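Record features (Swiss-Prot):
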TOPO_DOM  1-36  topological domain 'Extracellular'
CARBOHYD  2  N-linked glycosylation site
CARBOHYD  15  N-linked glycosylation site
TRANSMEM  37-61  transmembrane segment
TOPO_DOM  62-73  topological domain 'Cytoplasmic'
TRANSMEM  74-99  transmembrane segment
TOPO_DOM  100-113  topological domain 'Extracellular'
DISULFID  110-187  disulfide bond
TRANSMEM  114-133  transmembrane segment
TOPO_DOM  134-152  topological domain 'Cytoplasmic'
TRANSMEM  153-176  transmembrane segment
TOPO_DOM  177-202  topological domain 'Extracellular'
CARBOHYD  200  N-linked glycosylation site
TRANSMEM  203-230  transmembrane segment
TOPO_DOM  231-252  topological domain 'Cytoplasmic'
TRANSMEM  253-276  transmembrane segment
TOPO_DOM  277-284  topological domain 'Extracellular'
TRANSMEM  285-309  transmembrane segment
MOD_RES   296  N6-(retinylidene)lysine
TOPO_DOM  310-349  topological domain 'Cytoplasmic'
REGION    329-349  region 'Disordered'
COMPBIAS  334-349  compositional bias 'Low complexity'
């Protein structure tokens, strides 16, 4: 065994060294140099400084401008809510613990931080699944003529929360557990031990299959079909240029959001899977800490992509920031509205 299992923690270092201490009570500077903990704190502070304003601004701008309250935008707002949850209840805790060099808030604080981080990440993932399915239904039209309405959007949002809770809640009630990971400054599900009291193995398999592989496969399938349909429609010139442009813009935005999520979370999922299937193998604290902390950057990807690629939202945001005046002077009426993209008619291939 190349690690040390204790009460609600696992340290990736053998206790034969005599250095291992509880991550809830002592600084973990034997795992990494103090400057590395400070660097993680600086990184978390950076994410807090960008993540909270940009996600909060997304919520405020959508609330202030009625024209943005379109069904598709409700899902995007749900992504901003997920990002805000991660910033407020996850990043602040991790910033504080990284400064101290250990998880100073104890097992209860670890469970709360792990739950919030998992919940926010899962809401983001399942929101992207809903967006992918919406794009597939609207563009590929497997159900014929279909309009994505507010009722569909709210049902999709409810679905994302149910799926997210079904992943994040079990470790709170005894199916697996949340423990410090990497450099012991942030918490996640227990991939590290086979503790029979918590049935870790069955939970990790459930999480990987139902809450990563299945949603990612769904996203790839829907976008594979979507790309084929859009290419076929463009080749046949079945739709007007403006309609095709609107579909391409919305689809490109959602695809970039998906890619952003995968870039942020795939390294973490891959390392967690390696640890799970190679229990007892030696690995450094940084081996898990780097992808774990990098995955947190997903909270700022989606709103940045949304602002950059959605001209209507960008104009509304500038109007809000500059007290009713857009310094760029862009005409919002020139922007293709979200509602138009929802009712467009791209014939199936």
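Note that Cβ sites are derived from N, Cα and C of the backbone, with glycine treated the same way.
Source: prediction; values computed, not measured.
Sequence features, as recorded in Swiss-Prot, placed on the structure.
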{"residue": "2", "record": "N-linked glycosylation site", "DSSP class": "coil"}
{"residue": "15", "record": "N-linked glycosylation site", "DSSP class": "helix"}
{"residue": "110", "record": "disulfide bond", "DSSP class": "helix"}
{"residue": "187", "record": "disulfide bond", "DSSP class": "strand"}
{"residue": "200", "record": "N-linked glycosylation site", "DSSP class": "helix"}
{"residue": "296", "record": "N6-(retinylidene)lysine", "DSSP class": "coil"}
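Nonlocal intrachain contacts for the topological domain 'Extracellular' (277-284), taken as residues 6+ away from its ends with a CB within less than 8 angstroms of a stretch CB, comprise 1-3, 12, 31, 192-194. For the transmembrane segment (37-61), the most Cβ-contacting stretch among 153-176, 253-276, 285-309 is 285-309 (pairs under 8 Å). Summarised by DSSP class, the composition of the topological domain 'Cytoplasmic' (134-152) is 10 helix, 0 strand, 9 coil. Spatially close to residue 187 (disulfide bond) yet at least six residues away along the chain are 103, 110, 111, 113, 114, 117, 178, 179, 180, 181, judged by Cβ distances under 8 angstroms. The two recorded residues, residue 296 (N6-(retinylidene)lysine) and residue 200 (N-linked glycosylation site), have Cα atoms 23 Å apart. When the alpha carbons of residue 15 (N-linked glycosylation site) and residue 2 (N-linked glycosylation site) are compared, the span between them is 9 angstrom.
Counting Cβ pairs closer than 8 Å and at least 6 residues apart in sequence, the transmembrane segment (74-99) and the transmembrane segment (203-230) reach fewer than three and form no contact.
The highest tally of CB pairs under 8 A with the transmembrane segment (203-230), across 114-133, 153-176, 253-276, 285-309, is held by 114-133.
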